[in-house]
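This report refers to the structure that appears directly beneath it.
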Amino acid sequence: MTILLTPYRSNGIQKLSQSPATPKPGLTPPALNASIHAQRCLKQLRSKDKSIEKYIYLSHLKNEDPSIFYKLCLENMAEITPIIYTPTVGDACLQFSHIYRRPEGLYVSIKDKGNIRSVLNNWPKLDEARISVVTDGSRILGLGDLGVNGMGISIGKLSLYIAGAGIRPESTIPICLDLGTNNQKFLDDPFYLGNRHQRVSDKEMEEFMDEFMHEMFRAFPKLMVQFEDFSTDNAFKYLDRFRNKYAVFNDDIQGTGAVILSGFLNAAKIASAASGRPLTSHRILFFGAGSAGVGVAMQLQSFFTLQGRSIEEARRQIYLVDLEGLVYNARGRLPEYKKYFSRDDYSGPPMTNLLDIIDYAKPTALFGLSTVTGAFTPEVIRAMAANNPRPIIFPLSNPVRLSECSFADAVEHTHGAVLFASGSPFPQQQYGGRTLYPGQGNNMYIFPGLGLGAILARVSSVTDSMVEASSLELADSLTDEERSLGLLYPKIERIREISADIAKAVIRAAQNADVDRSNDLRKMSDSELLRFIHGKMWKP
């Protein structure tokens with residue numbers, strides 16, 4: 001029997017009441033039909049002329065009728081994903097305190113320090129919890145410190161876990177940690193929903209995070225936690241601090257790295273076929289050296305080791321560029337997380353011009369994770385095309401308005417030769433009588449399947465091998481038709497199929513690493529395991 005828990009308010013407190021799956025006679029119109037109602041809801045959605053209004057409508061629909069909401073998502077994935085996640089979710093977070101209507105998710109405040117367990121115990125579905133997306137709102141997309149307004153990211157990611165991998169809605173927990181905000185605009189906003197003080201000190205945050213993670217896994221022992229949109233230093237710090245102790249991963253570092261590795265694997269094969277140069281000859285230039293940039297660079301080393309290169313040889317094929325230009329040892333003091341890729345083969349004056357850096361490094365691939373709008377100028381794009389018959393250009397910054405270049409510009413200035421993927425969606429282009437399709441390096445290809453596999457295997461930790469397995473499975477998921485169209489990523493409409501395959505690969509990697517606790521899955525053949533995974537996927 002399907003049991004629905006319907007929210008209601010009593011004395012200002014949200015509670016849940018059990019109601020039957022089908023309303024009793026007289027409580028709905030006599031001719032209400034579920035299939036036609038889905039069409040009705042889709043028509044209502046399309047009647048909105050602003051993306052933020054569509055976001056608000058879908059948020060309301062999800063709360064009122066989750067089955068219809070996720071049915072629409074699955075049947076219209078390409079249309080709805082950009083509304084419930086990037087790029088629209090960025091605007092929704094900026095306006096979160098103004099468009100807020102009803103409670104959703106769990107807020108844990110610095111004022112709860114010493115008492116976090118009692119806050120977690122207020123979650124109404126303690127025994128159901130399997131996955132949580134946790135943000136502190138300190139670096140939301142490319143928009144900066146948004147404080148508790150970052151809750152929209154946790155909510156949006158979990159909607160994609162549900163739609164993309166069939167994780168049951170009641171097993172998800174969106175969480176925002178309110179440690180203050182350094183955004184004065186929000187502190188001055190009377191509608192702002194968070195604590196009105198600056199962010200706490202590093203020491204106080206460490207103590208808070210240690211208590212929070214300890215209590216999370218006491219309250220929810222079957223949980224996997226995804227860290228999302230922490231500031232760069234803290235993203236690396238808390239991933240390293242907890243990754244070997246709990247089932248936790250950071251999507252900005254590991255998820256972004258995995259999805260870009262997958263797209264690059266497919267792009268590099270096409271580029272090498274065009275140039276006649278071996279896969280090991282590729283050189284990658286990262287414009288942007290924050291948590292996402294360095295995280296992707298770390299993951300991209302796998303590309304070279306898969307071709308037989310050593311880790312040291314792989315490292316030397318990668319160049320970083322930050323706000324001060326090329327990252328190299330003789331430049332002076334560097335943050336710890338940048339030192340690994342800092343060049344020791346250049347000791348000249350600071351190299352700050354991107355064109356000069358391209359001329360020096362001669363990259364075959366240019367990745368943008370800088371949030372610097374238009375940084376890949378026509379001159380930069382043409383310089384990449386001059387070095388390579390099929391230049392690889394991935395402007396990955398989100399949302400669209402912060403992208404380093406558009407697909408149209410990349411097509412125009414490479415005469416249609418570019419191998420392109422972006423962080424947010426761009427429209428297809430016509431060039432030379434052909435239709436060219438942009439890739440989108442959307443983490444949604446990776447994290448739903450990775451999370452599903454981790455949950456089903458009941459992993460004690462999320463290993464690098466599990467993340468790499470998800471990436472390789474995604475790269476191999478292209479159909480013959482998709483390859484013939486020149487796609488670097490599969491069509492998003494196949495996300496459930498892709499997520500199931502990724503979950504299988506992740507489970508096998510977890511078993512090989514001895515971090516799984518579902519021993520029965522070890523006895524299954526691959527075909528049996530895949531059927532098991534599909535059987536566990538929630539369907540609206």
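Glycine is treated like the rest: Cβ placed from N, Cα and C.
Listed in TrEMBL:
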ACT_SITE  TYR85  active site, proton donor
BINDING   ARG139, ASN398, ASN442  (S)-malate binding site
ACT_SITE  LYS157  active site, proton acceptor
BINDING   GLU228, ASP229, ASP252  divalent metal cation binding site
DOMAIN    253-511  domain 'Malic enzyme NAD-binding'
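For GLU228 (divalent metal cation binding site), the same-chain residues lying six or more positions away in sequence with a CB closer than 8 A to its CB are VAL133, VAL134, THR135, ILE153, SER154, LYS157, ASN250, ASP251, ASP252. A C-beta separation below 8 Å, combined with a sequence spacing of at least six in one chain, links ASN398 ((S)-malate binding site) to THR86, PRO87, GLY90, LEU141, GLY142, THR371, GLY423, SER424.
Per-residue pLDDT, averaged over the domain 'Malic enzyme NAD-binding' (253-511), rounds to 95. The sparsest Cβ neighbourhood within 10 Å, among the listed recorded positions (ARG139, LYS157), is found at ARG139. Each residue in THR135, ARG139, ILE140, ILE153, PHE227, PHE230, ALA235, ASN250, ASP251 lies on the same chain as GLU228, ASP229, ASP252 and has a C-beta within 8 Å of the C-beta centroid of that divalent metal cation site, without being one of the site residues. Listed in sequence order, THR135, ASP136, GLY137, SER138, ARG139, ILE140, LEU141, GLY150, ILE153, ASP252 are the same-chain residues six or more apart from ASP229 (divalent metal cation binding site) with CB atoms under 8 A from its CB. Comparing the residue listed as 'active site, proton donor' with ASN442 ((S)-malate binding site), their Cα atoms are 10 Å apart once rounded.
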